[in-house]
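Here is what Swiss-Prot records for this protein:
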type	residues	note
MOD_RES	S2	phosphoserine
BINDING	10-34, 63-64, N90, 194-198, 231-233	NADP(+) binding site
MOD_RES	S30	phosphoserine
BINDING	F95, K96, V97, Q106, A193, Y194	glutathione binding site
BINDING	S140	substrate binding site
ACT_SITE	Y194	active site, proton acceptor
MOD_RES	K239	N6-1-carboxyethyl lysine
Amino acid sequence: MSSGIHVALVTGGNKGIGLAIVRDLCRLFSGDVVLTARDVTRGQAAVQQLQAEGLSPRFHQLDIDDLQSIRALRDFLRKEYGGLDVLVNNAGIAFKVADPTPFHIQAEVTMKTNFFGTRDVCTELLPLIKPQGRVVNVSSIMSVRALKSCSPELQQKFRSETITEEELVGLMNKFVEDTKKGVHQKEGWPSSAYGVTKIGVTVLSRIHARKLSEQRKGDKILLNACCPGWVRTDMAGPKATKSPEEGAETPVYLALLPPDAEGPHGQFVSEKRVEQW
């Protein structure tokens, strides 16, 4: 076990913003960088691409929808490094605007990965985070827009400083159920499934940061959600304003906050600035 070596890990690291984050961490992080991807072939191809640039990330398979896959990664990190220093939860999906898939199916599929998959990764890997560790959950400005489109009752719940993880899970499940019944708008939900899943990611980040402050107060772990901006990726398309490299800036900034930093913690960060939630 090479537990003296620091290690950073990025989910969904084989393309787009994830790949740009891995590239930056390989250059700036003093330790090993693990690129994870659902598809082994694509993940290893991304590693080879970075190796051709003179960088040396490691690869490990990870499908955030598969608990066994998450646990295999957890065991690898524990055995190889005795824990984890930096976790960047970047993996996520979105349907294209013109996608003909029925809305309730889009809601269920997007929620499964973006919220529940990310939550499962946190459940398994947060206990491994070492003192002065950094956790970055890549959310979206769409979460802020979706929040503003929620009913006042839902907004109040999502902004609550005391909402529990169980309550948040209940709300995320309710959204999916409401879409199946065709009553989501009547129930105060916005019509962006992606936006609601990212509300989930942002609020989950606030909850986990609060728990870390309560349960591991002296460990100086900082956990935040962030928006990378509108980035030219397979997800956002070619018209977006930022390159993947520019999209990686805020996540990497949060991943590399100096050891003595007091914050940000439990915040939603965009363009390296704390945004009001």
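Using N, Cα and C of the backbone, Cβ positions are placed for all residues, glycine too.
Location within the structure of each feature annotated in Swiss-Prot.
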residue	record	Cβ neighbours (10 Å)
K15	NADP(+) binding site	18
A20	NADP(+) binding site	25
L25	NADP(+) binding site	27
S30	NADP(+) binding site	9
D63	NADP(+) binding site	18
K96	glutathione binding site	11
S140	substrate binding site	29
Y194	glutathione binding site	21
V196	NADP(+) binding site	30
K239	N6-1-carboxyethyl lysine	7
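Considering only the recorded positions V10, K15, S30, D63, T233, K239, no residue lies within 10 A of Y194 (glutathione binding site) on a C-alpha to C-alpha basis.
Closest to S30 (NADP(+) binding site) by Cα-Cα distance, out of the binding-site residues F95, S140, A193, is S140.
Counting only the Cα atoms, the space from V97 (glutathione binding site) to K15 (NADP(+) binding site) is about 21 angstrom.
Within 8 A of the CB centroid of the glutathione site residues F95, K96, V97, Q106, A193, Y194, the other residues of that chain are A94, D99, T101, T110, S192. Working note on the binding-site residues V10, V97, A193: by count of other C-beta atoms within 10 Å of each C-beta, V10 ranks first. Between the farthest pair of Cα atoms in the glutathione binding residues (F95, K96, V97, Q106, A193, Y194), the distance is 11 Å. When the recorded positions V10, A20, F95, V196, K239 are ranked by how far their Cα is from the Cα of the residue listed as 'substrate binding site', V196 comes first. Considering only the recorded positions F95, K96, Q106, A193, K239, the residue whose Cα is spatially closest to the Cα of A20 (NADP(+) binding site) is K239. Residue pair L25 (NADP(+) binding site) / K239 (N6-1-carboxyethyl lysine) shows a Cα separation of 27 Å.
Of all Cβ atoms in the shown protein chains, 19 besides its own fall within 10 Å of the Cβ of Q106 (glutathione binding site). For the pair K15 (NADP(+) binding site) and F95 (glutathione binding site), the C-alpha distance works out to 17 angstrom.
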